[in-house]
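First the structure, in the form of structure tokens, and then the observations on it.
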């Protein structure tokens, strides 16, 4: 039932996506119906059944004499004209039997005598061997470009394989020269045994040209000569032949239409096939692995996609097939319906099969394009005859081939006028491949593709799949070739340990609760840092739902040890935090726990179930929120939750309640029916958290759940996690240390794949902490450096060992050691006295006079106290681990130097190279920025042009898959077509020789029409030969029965009648079926054999051999067929070349690297012109290769100039259109698919539709012209393909000048050029600022309904600095400030996102812009960086309007980097665009400053998130500008790397003339970097000032933490605190059994730090607790209050700045 529920859910999901993806629905359903609809309508309308004319043929004679040469007959070329009226011809001959040479010479002498007259002299010439004869014949053939004559001197050659007069045996072959215009069909039996005639009006068949080539007359002459040699005196009789009459056949447009079904439905289903391939590949990339962890069945995943795609096909089927069933004859509707539906199902399964190989949509689309085209080509090229049953079975393994065979079987029944239905579909299966067998093969295809898709998916989803895993399903035990992070004993699991793990595993399986008593030691942490693991007896006995034992994960592709012997336990009721630097192995650990990847070694149990052995059971208990957002853009919030809820198998009746509770908790309930694509980044993360929690998952894995969220949103999620953890086990990773501190009941710290520390926050801080942090804000009027020195002296006077920390603008930090805590109160009293300017206070009595005299110059505005954070602890632990690993590494290297046989191994993720950053490199960067770029004007434009060319070249070189499909595949496809013209057959090639024996026309019926007792001897012998052969069925008829009646009675019979014999006016006539290609020469040999009296063992057999000028004798395919293939192949080839151009444009734009380039000041004209020129050069190079191929294959040799013109026109008409429409798409793969559909599918369908309409129906010429003109204008591929067909058709008879006439190719060229001009004009128009501004306004109005902002608090104190800032902006000169924003307003419809914003940022200032999601930050940044236009107001950078082409340094929220460039290349390209002369040195300097030298030459796609952010920061610092804008510059970076970025930005602020403006969701970052901070709410500025000023003005509480000695103290301490501090609020929940209790104490106006700290100190001493903490409101709390999200209003958890506890 659970599988069926999954299937229904997935089907529902696909249905919802179908309804909302209107563009795809248009292409998948409406366009095929529009293409097929008119055709079906015309077919049905013209479905009147008519009868073809009855054909009765006259007889003719083959005499084997000169009379045959000059015989004239209607509609057939006489022999002598083929010989160009030559009077002397030669026939060469040779005998393979030397003993029969004299006999052969005599026979050929008689042969020559038969062809002597006044008009013709035929001579014979003997050659020594067959090879010699062939050489002579080939050399004698005329050159095709010299004459149209088929021969020179030699008319033919004869090879006698056996001549035995005694035994009456003759076996020979006639050798004929092949001409291009002649078609012999040597590999085929008949062209169409049944149905209406194709119009044979001649009594003598013209194809194959047995008569015209003189084959028949030479054959009869040779055999008659042999008869005279065997039977002297035998009469020389002619053979009278007559074609069997052809009866009237019923005909209609339906039968003709059905013949084209394989091509029509291949085009129609192509869109469905592409779409299912794209959708599955897209989901394989992100969503499917996530849903699999939630319990998704792979089979149901593919089944749902296939069923939905099939249902879409079914809609098209209903529109196109059902109407045909009402006008069809002979074939039951059920048979046709089942056939087409089976094909549709097989086609979509083929798309799913191809998609199973990929998790990248671009590669999948290219693969399906080639694969589907190949399947169609194979089905067209290699189709066997229906009577070749074994070949048909092999051919039917291709779904298109099986469908073609089924259609051919249906057409066969319709032509035979026999009833076909599902009950008789296997009839005549022994004679030909029936419809039944075709359907069986389609079922086989469906099965093998379905199984193949599941197998390939299983292999691909084994994330670390290698060939070794096919044969080794156990974890490797030999680690000698594995990189080692620390020591061998930590990761090499010996047999004793392995057995112990197995025993404990058995215990868990027998008793799941036994897992709670297992406590694996944290050997890793203790082995690196002594005492880094806290011992907690209560936790050891708690129930652990997650147990990880000795987890090892080694990526076989790189050898990197991602996780190295990790062991941990996460217990129920707690939120366990997993911390680590980027690349430490956190995500790999999560994926292993969730069962997404398979560990190399170790064991993981979830709720007592083994992840490796019982994945189904474990997935029922897991809820996961990965780092990325596994969301469907077109599903709403509630629909995502419904999908995940159902996959988890939870009770459906509880869904609504569960969903509403979770959405309400994270403040997302108002977005319940909003699509995911319209959600902000923070909202998407909230949704992912809810997806992890819904369905009562017992184990919840949250991988950076709050990444990208603003503090308010983070608080919502934290509150939810705190509430939900009571009955769950939550394991969470984060880079926000304050979040880890707030949520973490237990903290695990990883480094280099190992667990290096674990314990509570308090334990880790106590073990690795540094002290308290005193933050003082100095007044702007004084000398801040002098005041900083005085302040430091004051602090060291009262608190020994106090140290000066960092200084941010007017804000200075002082580090106070924890051990000196008792000295804090006097220090606070002194600072309060200084702030009040009370210099006579008693607190200064012991202060030295020199220092006391300077107190008046120390002007303080405010101060506050916080404690060292968990972030500082994390950095300290990381430094200690690095030192420990380096020490062990050095020790190992020393050991290896003594034992060279052991290789030196390097831990994954560990870099022993020291940091290259230094003050010297920072200063060099500042000096470079001060000098500015050296190039300007034309020189800068040239540099920009070169950089774009380099960028595109690097992209092309790295994208081998794209280059392969864009360049190599088109060349290969064209080469394959060309190779068909060069493939030749040798002497034994089956395509050049055919044996003309009776078996070639078996099985067959024979019309035997004689009166009883009047059968001549010759006919009697002929009948004996037939019966001896066994493959003929003789049907006896009376001569009174007319032949037309006989053939009419045989309509549809199998096998058909091919030969016969009758008496007509006392003359014996041989009858033959005109539709069988090789029946005439076969029949003549059989008759001459019958004339040999005395024995039926006589044998006469002939054969035909075709030779050509070359030694390989003949082409495999005629040139006409090559010409037919060339046009559609060129359409496909040029579509593949040009449509791929769009992918780079969209990828560059969507990743915002294009925007980064525009921020260098480059003109859009320069930018796109360079890109267009590069694409033109690449296109030209490809066309040059095509030109060489055209020359090599002699295609359109005389009209190559016209061909090249159309190549140019195709580029000119299609590429500007591709550039213009690229702005409509966000997905490169979707754009590529739609363009391929436009260029190939729709154009091909248009070609096919026009062909069918013109061939089947009669419509007015003016309507034809309009239809063709519309297609040619809107479809350049159609015009191009039509021109190629015209050149192929008329190129041999018309000169180039006439080919370019309007009626031939001129119209195509003009319409393609017109479309190109229109497309280019549209593209240029889109580059104008006024057009983009207009489109932006239209777009913003459209999006206005998606905005929502929290209400603003009404009780906040007014910040006077806001009005002061407005006044300053209106009076300041914009050129004197780095940035001036004056009355900036941006409206979206009725919603105002930015409301008259006024700001001024000075040089050397770091300005922070804060606000919740929707407050206007992103909109402001978009206006400043030119991504959108303001509705009113202005913004000036360095005195210039931001809408101008100016240089801006910008680090966006999401890394604007091209994945296929290296970090170095990205910086070099942008530096060159900025105009730096030595751009490589500039990029090197940036890499030095951001610490990325070691990774500079790695592709961006292989960077971690932190490494990408470093490069993005480097890109911002690269710009020679007065303004650097940073949007969350350290998001996703681990704390250590974050501090390094801060250091660089601080240096930049202090030592350059540039100003910094940033926004961040990390309040620590804002405090560390910003000299001023502004807060936005509802688009308006509500507060501005330094961080301490904002905290002092808006901070409204303190946080007190008391640490207990034992749990039984809790109730007593809580009660006493409530008594002593009645206004305090306990924030530690009763379900949390921690010994650290937190209270929130409201801040009052009269509070001062000295009194408050002294009071808490006394309270802690009276209560007898172990430790205490008192801290002020954090900046985050202040921000939340300003945003209306503080705890007093929202009842959320405290967010205070604490980290360390001190002893009483």
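Every residue gets a Cβ built from N, Cα and C, even glycine.
Remember, it's a predicted structure, so these values are computed and weren't measured experimentally.
Here the transmembrane segment (256-276) has Cβ contacts under 8 Å with residues 24, 27-28, 31-32, 35-36, 39, 43, 305-306, 309, 312-313, 316, 320, 324, 336, 340, 343-344, 347-348, 350-352, 355, 365, 368-369, 372, 376, 379-380, 400, 403-404, 407, 410-411, 414, 1233, 1236-1237, 1241, 1244-1245, 1248, 1252, 1255-1256 of the same chain, all six or more residues outside its ends. According to Swiss-Prot, the feature transmembrane segment maps to 256-276 (among others), an assignment based on sequence analysis.
Residues annotated as transmembrane segment in Swiss-Prot: 334-354 (among others). Here the transmembrane segment (334-354) has Cβ contacts under 8 Å with residues 258, 261, 265, 269, 272-277, 280, 302, 305-306, 309-310, 313-314, 317, 321, 324-325, 328, 364, 367-368, 371-372, 375, 399, 402-403, 406-407, 410, 420-422, 425, 435, 438-439, 442-443, 445-446, 449-450, 452-453, 456 of the same chain, all six or more residues outside its ends.
Counting only same-chain residues 6+ beyond the ends of the transmembrane segment (362-382), those with a CB under 8 A from a CB of the stretch are 262-263, 266, 270, 273-274, 277-278, 280-281, 350-351, 354-355, 395, 398-401, 403-404, 961-962, 964-965, 969, 1132, 1136, 1143, 1228-1229, 1232-1233, 1236. What Swiss-Prot records for 362-382 (among others) is transmembrane segment.
If you look at the transmembrane segment (389-409), the same-chain residues 6 or more away from its ends with a CB under 8 A from one of its CBs are 258-259, 261-262, 265-266, 339, 342-343, 346-347, 350, 375-376, 378-380, 382-383, 420, 429, 432-435, 437-439, 441-442, 444-446, 448-449. Look at Swiss-Prot and you will find 389-409 (among others) tagged as transmembrane segment.
Sequence annotations record features per position, and here Swiss-Prot assigns region 'Disordered' to 511-536 (among others).
Residues or ranges marked as compositional bias 'Polar residues' by Swiss-Prot: 512-525 (among others).
The domain 'ABC transporter 1' feature in Swiss-Prot is assigned to 546-777; the stated evidence is sequence analysis.
Among the features that Swiss-Prot reports, region 'Disordered' is placed at 888-933 (among others).
Residues annotated as compositional bias 'Polar residues' in Swiss-Prot: 888-902 (among others).
Sequence annotations record features per position, and here Swiss-Prot assigns compositional bias 'Polar residues' to 911-921 (among others).
Swiss-Prot lists 963-983 (among others) with the feature transmembrane segment, giving sequence analysis as the kind of evidence.
Residues 362, 369, 373, 952, 955, 962, 965-967, 969-970, 973-974, 977, 1171, 1175, 1179, 1182, 1195, 1207, 1210-1211, 1214-1215, 1218-1219, 1221-1222, 1225-1229, 1231-1232, 1235-1236, 1239-1240, 1243-1244, 1247, 1277, 1280-1282, 1284-1285, 1288 of the same chain lie 6 or more positions beyond the ends of the transmembrane segment (1126-1146) yet place their CB under 8 Å from a CB of it. The transmembrane segment annotation in Swiss-Prot covers 1126-1146 (among others) and is backed by sequence analysis.
Sequence annotations record features per position, and here Swiss-Prot assigns transmembrane segment to 1153-1173 (among others).
Here the transmembrane segment (1176-1196) has long-range neighbours at 956, 966-967, 970-971, 974-975, 978, 981-982, 1126, 1137-1138, 1202-1204, 1207, 1211, 1215, 1287-1288, 1291, meaning same-chain residues at least 6 beyond its ends whose C-beta is under 8 angstroms from one of its own. Per Swiss-Prot, the feature transmembrane segment maps to 1176-1196 (among others).
Outside the transmembrane segment (1201-1221) by six or more residues, the chain places 1134, 1138-1139, 1141-1142, 1145, 1168, 1172, 1175-1176, 1179, 1183, 1186-1187, 1190, 1231, 1235, 1239, 1276-1277, 1279-1280, 1283-1284, 1287, 1296, 1299-1300, 1305, 1308-1309, 1312-1313, 1315-1316, 1319-1320, 1322-1323, 1326 with a CB less than 8 A from a CB of the stretch. What Swiss-Prot lists as transmembrane segment is 1201-1221 (among others).
Long-range contacts of the transmembrane segment (1234-1254) within the same chain, counting only residues at least 6 positions beyond its ends with a Cβ under 8 Å from a Cβ of the stretch, are 23, 27, 31, 35, 38-39, 42, 257, 260, 263-264, 267-268, 270-271, 274, 365, 369, 1128, 1131-1132, 1134-1136, 1138-1139, 1142, 1214, 1218, 1221, 1225, 1264, 1267-1268, 1271, 1275-1278, 1281-1282. Taken from Swiss-Prot, the feature transmembrane segment covers 1234-1254 (among others).
For the recorded site, residue 1418 (ATP 2 binding site), the DSSP three-state label reads helix. Every protein chain shown contributes to the tally, and the Cβ of residue 1412 (ATP 2 binding site) ends up with 26 other Cβ atoms within 10 Å. Within 10 Å of the C-beta of residue 1414 (ATP 2 binding site) there are 23 other C-beta atoms, taking all protein chains into account. The C-beta environment of residue 1417 (ATP 2 binding site), restricted to residues of the same chain at least 6 apart in sequence and closer than 8 Å, consists of 1409, 1410, 1411, 1559, 1576. Here the domain 'ABC transporter 1' (546-777) returns a mean pLDDT of 87 for the predicted model.
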